[in-house]
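**Q** One structure, pasted below without further comment.
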């Protein structure tokens, strides 16, 4: 079926159909799920096991090693690592990137943990918790604060907010509460008073448990009704706890609990996890987006209810968003829609000026129809509306008009030569349908490796490639139907021969013919251009992901191992004071100029002063995963994390440096790192080198050497090792013989120490009218000096004997000594692993450090193994040793370079398939080997332009610059196909001699190729200027690469053709050749 002929004959139907397509596309656009970035799967699950009282070494050897051993039997496993600290072991199970369906793997993991780990855990260890939702994102985090409000009162408010979100907000997925402090009922007693009365802690515990029970006493039947008997002694109030009667041996008097204990309601002290907002105590509510829902609508509902709550509660109770992804999503979408609109307008203007009003509008008709068709296809292939998919439209914009330009140009030329409109339209469509389809398919093939990448980057940038594919294939369909139809209806030309006599054509022809007559010089020149481009890449920086242009700044703080959460909170409060004094600014927005609003898509917000608008602090562990790129830290008392919302991302480098310097001067032992938020798949630290081995002492000797070397590099800052310092440990060595002699048991020691230190839970108070979901409050028995116990008092701590009824000093039955041990043990695939980490100062990249450190570390490993006569296997990636492994030591590069290597390697594995597909398409089209080789040889022609663009644009070569190179190759191949196909047309259909056919073809395709390049450049300029830091490397790579590639393509392809097909130009003279050739051809027929 001839779709062009069908379209012209049924033009009313086709026009109405395309109008409906445009409206359907707009309707799909409005209803599409919106996001800031495409989601990518975090293929990690965690296994958490607690064992109170165990050391880090015990957690590692008795729990962590067992978990790793069992997990390593999972065939889909990439690697497993365990992080062990006193009382806590967390295993991170990472699955290989090629596996997409994770649920069966997680099911297998749960079974293995339940049946192969849990039964073999030591006594006292908790049940393992498997979290396969580690990658869930909580994009909206609301902080509840209240001047003068207790944690309990804030918790009640937070619970009300949480319940409403779960029940009334359809877009909300999970809702988690952070920073709520666990309440306890403390029974503080004086040991001397208990001794005087002859009461033991066991008497109090028995009295509480005997009184406070929920039991079933059976049922009673009355007529047809069956009723349950409730004889439980649940406490109805805290006062009732005090009224509990304590039995006193040998006494008939009544002693109430309130007579011997001070009963207070309080919070866990010390706290384990604390949240603060703008320097105030707070409770955080983190909300995730339900699958398939719109983040912006979630934001609307959350804002509406928060505003209503603020009106309900008195002044002083505030609800603030420390993280609010709906606003980021809306800003990003609006910004990119603005960029797309600017690109479309620019391309339209270029076409109207270059092609004339009628032809320009005909070509322009392809833009909205192709984009609308892409919008219709996107939801069916899992593509949402985000910065990646919209960037795909912008990238495709210039390329998609190529089909329309070539088609309209061909129709115009045919009509100028005297053919009727119908003949011109049908003839051009028939002539170009295969070449244009092949050129579109080769460009599609160039983009397919991007969404076939099995690493996380494939999921992240894949939607961009898919949109390019949708748009280009749609543009071919439109070029075969709507464009010829509109040309048939509206196009008017004078019947004259196209003579190429303008100055532009004359100059181009002179240069071309010179090149054709001096083929060797031309080829050497082109090769020199390529080599120059390769050489210039030495002067470009290397950076996997560009800096984010988000206004979010982040601080991670880690005190020395073994620090208490109180110490961490003190540091966090000092940081709060510094931020308040130096950077806090009012959040009142100024009016923005109309032009700025239009250019930015109404996303610019300006303030009277630049600084920090708000910040949230999370002490004792990480924040919720508020963006996909952030990996939350496991609970750790010495750790704190701060999220800042600033007025402008440009001020972050200066602020971060001041914050780090101030806090380091205040706390020299503090590890602090403040920097911009990362975008997309990224590493936690910029620079990381992992040193592994079994001999810990020996490993740390080597780590000290590596850490010292890294610290000596001027552009490295915040240099640390992941294990850090040893921690103090008190060892109480109980002598069982002495214990027996004084009438004590091990249980006596355990119970007495519990009530003298943190307290002993002896029951539960179930608050009847509590608005909280968890109404249970532990009842804790402790001495009135328990929270003040210090090391110096341990010797005199009294241990009560349940046998003799006497108190015995602890020093009489035990030896107390202080020791040092590792407070943190990290293993990767069951091997001790220490990471030496650092950040990079602003203006430099991690690659600069890696080029110094990686070869040096590899040499060190070789020397270390040589001492034992062992060999080392070194693996190089991009000229840098990425790993060095011997029998005793192993080095691996981590950080940004490891991430870059993985993603680039994954892309590199798919590129050969794209190359083969392109080659197959070219061979199928031309039924030749030589022509595909000519086309493939032109792909590197833009290398110099890419290098120049990165240098001029002050951009680094990274993943998105590679994407630009891939896109560039598709455009270059597209141009080459059209040009070579035109040579065949001139020889086979117009019967020109090969030498003249080459020149005429180059002239014939000169304007379409230049216009395609020009429209592509104009479409990319808004992405370069206003698209943000992420897109600049790709935009400048494409813009400058296209400029150089287009100029070289118009000269080098004709030269290569004449070399491969042995076309001579020694006696060629363009002026002597005229239309006589065509006439003689016609006569001969």
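A Cβ is built for glycine as well, from the same backbone N, Cα and C atoms used for every other residue.
Here the structure is a predicted model, which means the values were calculated and not measured.
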**Q** Quick check on the annotations: TrEMBL lists transmembrane segment for one of 12-29, 30-47. Which range is it?
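**A** Within the set 12-29, 30-47, TrEMBL attaches transmembrane segment to 12-29.
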**Q** With TrEMBL as the source, which of 959-980, 981-1002 is set down as transmembrane segment?
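**A** That would be 959-980, per the transmembrane segment entry in TrEMBL.
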**Q** Same-chain Cβ contacts of the transmembrane segment (12-29) under 8 Å, 6 or more residues past its ends?
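**A** Here the qualifying positions are 368-369, 371-376, 378-379, 385, 478, 481-482, 485.
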**Q** Run the contact check on the transmembrane segment (511-537) against the transmembrane segment (390-413): 3 or more C-beta pairs under 8 Å, excluding pairs closer than 6 in sequence.
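**A** Counting Cβ pairs under 8 Å (6 or more apart in sequence), the transmembrane segment (511-537) does not reach the transmembrane segment (390-413), since there are fewer than 3.
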**Q** Mind checking which residues of the chain, 6+ beyond the ends of the transmembrane segment (434-453), have their Cβ under 8 Å from one of its Cβ atoms?
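**A** Tertiary neighbours of the transmembrane segment (434-453) are 399, 402-403, 406-407, 461-466, 468-469, 472-473, 475-476, 479-480, 903, 906-907, 910-911, 913-914, 917-918, 921-922, 924-925, 963, 966-967, 969-971, 973-974, 977-978, 981.
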**Q** To the transmembrane segment (390-413), which of 336-353, 911-927, 934-953, 1009-1026 is linked by the most Cβ pairs under 8 Å?
**A** 1009-1026
**Q** If contact means at least 3 Cβ pairs within less than 8 Å, sequence distance 6 or more, would you call the transmembrane segment (911-927) and the transmembrane segment (1038-1060) in contact?
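**A** These two segments do not touch.
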**Q** Below 8 Å between Cβ atoms, which of the listed ranges 465-491, 959-980, 1038-1060 makes the most pairs with the transmembrane segment (934-953)?
**A** 1038-1060
**Q** Per the definition of 3+ C-beta pairs under 8 A with sequence separation of 6 or more, do the transmembrane segment (336-353) and the transmembrane segment (1009-1026) touch?
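**A** They are in contact.
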